[in-house]
Amino acid sequence: MSRPSQGVVVSGLGFPPQNVARVVVWEWLNEHNRWRPYTATVCHHIEDVLKEDARGSVVLGQVDAQLVPYIIDLQSMQQFRQDTGTMRPVRRNFYEPSSAPGKGIVWEWENDGGAWTAYDMDICITIQNAYEKQHPWLDLSSLGFCYLIYFNSMSQMNRQTRRRRRLRRRLDLAYPLTVGSIPKSQSWPVGASSGQPCSCQQCLLVNSTRAASNAILASQRRKASAAPTSPLPPGGPPGAPPGTLSTMHPSATFASATLWAVPTAGPTEPAHAPGASLRSPLNPGGVPTPGQNNLNRPGPQRSSGVSARTSVPPGVPALPVKNLNGTGPVHPALAGMTGILLCAAGLPVCLTRAPKPILHPPPVSKSDVRPVPGVPGVCRKTKKKHLKKSKNPEDVVRRYMQKVKNPPDEDCTICMERLVMASGYEGVLQHKGVRPELVGRLGRCGHMYHLLCLVAMYSNGNKVGWGHGQGGGAGRPGPMDLTATFLGQDGSLQCPTCKAIYGEKTGTQPPGKMEFHLIPHSLPGFSDTQTIRIVYDIPTGIQGPEHPNPGKKFTARGFPRYCYLPNNEKGRKVLRLLIRAWERRLIFTIGTSNTTGESDTVVWNEIHHKTEFGSNLTGHGYPDASYLDNVLAELTAQGVSEAMA
């Protein structure tokens, strides 16, 4: 099926041609480099503010309570989140009035949590066109997605996994229409139709600072208008299409990965100072025009300068907009707000982002890969046949416990009842041969519990989570359900007080493959040694009886995963123990991702790995002087150590 035309990209300011109506959709760029549309209500609000002041700020929380932290700065075309300092590019896109946004039609898919998520606008338009033509199905592969849309069942199917999701078509407010260009921007601040500025705290903050910077901005404009310029032919630079403007506002130009960037200064060419004539793909003549910004510059043109980075002139502050590890000198929110205000005032500022982490080493040929000295083989695999059968809970508990005839008058930390009284699981769990008043002591650590409590703890396995049970006596909490953090139904037992492990603990890691070898590159902080590279690979599959949802499919995102260790004595020791932990299925488990919130997916299991090769921007790289000692302690906590071999 043919793909319909996407948003209209117009040269120059990006306004639609004179007397031609277009639907306006404002969109923001997410972390997956996809443009996500704002709702029609939000777009109407942005357009209303835009008509009043094309270089103002839009407070999104005024029309959508879920967007309270967000402000759009129309000068730099950035969405700013006040509590974190995160900035994302935004754009103003145009579509045909007869398309889905012009009719107020929204197509949505149901996520794992049961909530409805709108499709990207180009996908929404594609689906609506096929729906109107009464096609029975639609293939989205032409848009880069491996999904099939079935209109009869109103479902979306993943072509690879065959998984289906529900989708729906609903009517909403139509997106705003615009014809020709918008009115020229007026002086700041401009309020609503009443002529009064908004009194919300967010607007008051922006307005008060913006009013104080008007004098500085006027001074910058006077300097710019007084600068000598070179005349250009009427209509713009040679070869430019009709309607193309040949200049751009100097204050909207910064050395930023997300703002409109100027060309890199040459070896003998000084960096441009604010107010000086600038040359760019849209401005070959270098004539500044006060009042122009990059509001409606098409996406490809706005991003054409992304790779160009200028040297920062002396004395110009570099403000990190987003600091991932929180170690920068400027708080992210303060840096972002300061950058927006200085940008609006036309002051020199270099908005920067934290550098991207170096996740992988330079390419390595197979001939340069070597086995790790002292570690046999280069690969380990785990399969379903490695799973151990459950053992009798009473036998496991009695193996590690010693009976206590006269227990002390203190609490059992499992059921919260006194040890001199019956277990809180009396009446909740019936087990032959284990009386509720029996108390035992774990042999190595000496902690005491009701035998019935330990049997209940072992029997529950990972089927339940922490939480109070049916209520204890005398105002005490009831017996507690316990997770596989403390036990595993594999013949091992873990003390819930000190975490000491009895027996060989195994986990619930799905089947997969672990590879390890030497590569001829050094890690930061270990320049005198080569690097051990570990490669984990786990495919998607079906959850087994030891997993949270037996019989349900689980996902495996981000595999293969690459991890790194220094090739020294301690690094090789860590590798040997990681291999042992892998064989015991302790490296990964199935649960909910802390990063994406996705459930029933493969996640790390409390043994930290270094996944950055050449940096430590996220805390998962080198140099890190304490990492090897920390991971050895984590392995010991999982019952994996050379002493326990």
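Here the Cβ of each residue, glycine as well, is placed from N, Cα and C on the backbone.
Marked as compositional bias 'Pro residues' by TrEMBL: 230-241.
The compositional bias 'Polar residues' feature in TrEMBL is assigned to 290-310.
Under the heading compositional bias 'Basic residues', TrEMBL lists 380-390.
The feature domain 'WWE' is assigned by TrEMBL to 12-92 (among others). Remark: secondary structure over the domain 'WWE' (12-92) totals 19 helix, 29 strand, 33 coil, with classes taken from DSSP.
Here TrEMBL flags 93-169 (among others) as domain 'WWE'.
If you look up TrEMBL, you'll see 412-499 marked as domain 'RING-type'.
Among the features that TrEMBL reports, region 'Disordered' is placed at 218-249 (among others).
The feature region 'Disordered' is assigned by TrEMBL to 264-320 (among others).
According to TrEMBL, the feature region 'Disordered' maps to 362-392 (among others).
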Based on DSSP, tally up the residues of the domain 'WWE' (93-169) by helix, strand and coil. 20 helix, 29 strand, 28 coil
Taken over the domain 'WWE' (93-169), the predicted model's pLDDT averages 90
